[in-house]
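Features as listed in TrEMBL:
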- 53-125: domain 'DUF1736' (DOMAIN)
- 305-338: repeat 'TPR' (REPEAT)
- 339-372: repeat 'TPR' (REPEAT)
- 29-50: transmembrane segment (TRANSMEM)
- 116-133: transmembrane segment (TRANSMEM)
- 205-229: transmembrane segment (TRANSMEM)
- 235-254: transmembrane segment (TRANSMEM)
- 266-284: transmembrane segment (TRANSMEM)
Amino acid sequence: MTFRPHEHGLRHFKLSKDYMQSQKKNTSLLLSVSSLATWGASLLAARLYWMGNKPPSFSNSDNPAADSHSLLTKTLTFFYLPSVNMWLLLCPDTLSFDWSMDAVPLLRNVGDWRNLHTVAFYVGLLLLSWVSLRSPSRVKKTNGKAYVVNGIHTGTNRKHTGTNGHSCHTNMGLPNSGSHTVKSTENGVKNHVIPRTSLPTTENVVVFSLGLLMVPFLPATNMFFYVGFVIAERVLYIPSMGFCLLVTVGMRALYIKIRRRFLKSLLLYCTATLVLLYGIKTVLRNQDWQDEEMLYKSGINVNPAKAWGNLGNVLKSHGKMAEAEQAYRNALYYRSNMADMLYNLGLLLQENSKFSEALLYYKLAIGSRPTLASAYLNTGIILMNEGRLDEAKRTFLMCAEIPDENLKDPHAHQSSVTSCLYNLGKLFYERGQIEGHKLEAEQYFLKAIQLDPTKGNCYMHYGQFLLEESRLLEAAEMAGKAAELDSTEFDVVFNAAHMLRPPLTKTSSVGKVGIEDLQIDALLSVGG
């Protein structure tokens with residue numbers, strides 16, 4: 001078979017055109033990936049700016065690998081965690097509302113068999129990336145003829161087939177055929193065929209899927225900053241869409257590659273079964289989310305310490321005190337140094353009048369977390385009620401001196417320290433009547449008000465102090481402020497009303513009942 005020079009030149013021109021089109025397509029893909037990466041970096045920068053240009057703070061137990069002093073342990077664990085997340089997408093058999101603490105044990109040495117999962121995961125990821133970014137069109141020749149690869153016609157726009165001396169000409173393989181009418185000749189009859197709208201190539205879908213899978217997941221990899229969890233199923237919501245697209249593309253490619261009808265049918269049945277099983281798992285998992293108690297019970301196998309602790313809080317709120325106490329003890333059995341669980345158990349025991357045991361757990365909570373101000377507060381209150389005033393004084397002073405840095409809950413800390421200060425003022429006042437510490441008592445009341453000017457209890461206790469010092473007008477002012485700040489708290493308003501009775505009586509006796517007295521009468525009606 002011989003080729004004329006102009007046909008040979010035309011063939012080279014078309015090959016060059018196809019090559020330029022493929023390069024243009026690759027450039028477009030790279031631009032899309034770069035744009036996606038730029039947007040992701042911009043969002044991360046904005047997040048860091050809003051957080052005060054510092055990483056988020058969290059408890060060491062929330063992410064044990066981040067707290068590890070071994071670089072090898074950190075590296076192996078952080079590289080392993082993405083493979084665990086991928087396994088959750090592949091086989092969501094074991095799920096949990098919380099994957100912190102020891103839900104995923106640390107990888108401490110290279111000999112850990114779980115490192116094989118890490119290697120398999122990253123090798124597969126590299127293969128997918130290579131497939132998606134390599135040139136989508138290749139010219140393959142067999143017996144001097146060019147043919148279509150990946151759905152793109154790479155040689156000529158005609159495919160010759162001899163059938164009874166007739167030929168069929170079509171350019172259906174062209175990637176940019178668009179909606180142009182295609183002429184075909186078959187058995188001497190010319191037909192006009194409108195080709196289908198071209199779909200995205202497999203490479204484009206794979207790139208898009210990988211982007212959707214990886215980019216939203218990057219902030220959770222501890223790559224840019226440490227996060228407050230080991231695994232969080234919520235961060236897989238968007239990546240799961242990219243994962244589903246990858247599975248779909250893979251199933252389609254496998255279906256096209258299979259030639260035997262039986263195997264094609266088997267693949268379809270297996271896919272349908274997989275979708276059905278995932279659907280059943282979704283229904284079963286939704287039942288765990290019907291209420292908090294069922295949810296926390298479902299997480300006991302994955303994270304028993306956290307699950308039992310949260311279950312104890314729920315049982316306590318439902319009035320099941322004995323079950324709540326047992327749940328707290330179960331949580332401490334799995335992790336004995338959890339300050340929150342120690343404090344919650346102490347609080348439960350205190351509410352059940354088991355003061356000695358409550359003091360023990362409060363002290364354990366303080367030992368586990370020395371900045372837990374609420375534990376100091378309740379310890380001091382129990383000691384005051386037992387008449388152990390010196391110990392109570394030391395406890396309240398220690399609470400007042402806790403630095404307000406690196407706190408888990410700054411608002412709760414401030415509230416507890418404020419309560420410690422006005423309880424310290426009460427203690428000094430009670431002792432001051434005998435030992436002459438009234439001035440110190442007033443100073444602590446004023447410190448409490450200065451620390452939290454929005455807390456009505458501070459004004460109420462200071463008002464009681466002023467009332468007993470016969471500073472009636474100042475006491476009335478404090479009582480009115482307390483009632484104004486905590487107008488929905490019956491105890492505060494009621495006590496403020498009773499504090500205002502002596503100033504009201506004194507003011508009325510000299511005939512000076514004005515607008516302020518009417519406000520006091522209204523306050524008395526609320527308190528009564």
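Quick reminder: no glycine exception, Cβ is built from N, Cα and C everywhere.
Automated prediction, rather than curation, is the source of TrEMBL annotations.
Within its own chain, the repeat 'TPR' (305-338) has Cβ neighbours under 8 Å at 61, 96-98, 100-102, 292-293, 296-297, 299, 344-345, 348-349, 351-352, 368, counting only residues six or more beyond its boundaries. Listed by sequence, the residues of this chain that lie at least six past the ends of the transmembrane segment (116-133) yet keep a Cβ under 8 A from its Cβ atoms are 26, 29-30, 76, 79-80, 82-84, 86-87, 203, 206-207, 210, 246. Note on the transmembrane segment (205-229): residues 29, 32-33, 36-37, 40, 44, 47-48, 55-56, 58-59, 62-63, 65-66, 78, 81-82, 85, 98-100, 128-129, 131-133, 235-236, 238-239, 241-243, 245-246, 249 of its chain, located 6 or more positions outside it, place their CB under 8 angstroms from a CB of the stretch. Listed as Cβ neighbours of the transmembrane segment (266-284) (distance under 8 Å, sequence separation of 6 or more from its ends, same chain) are residues 92-93, 251, 254-255, 258. The domain 'DUF1736' (53-125): residue composition by secondary structure is 38 helix, 0 strand, 35 coil, according to DSSP. Residue counts for the repeat 'TPR' (339-372) under DSSP (helix as H, G, I; strand as E, B; rest coil) come to 27 helix, 0 strand, 7 coil.
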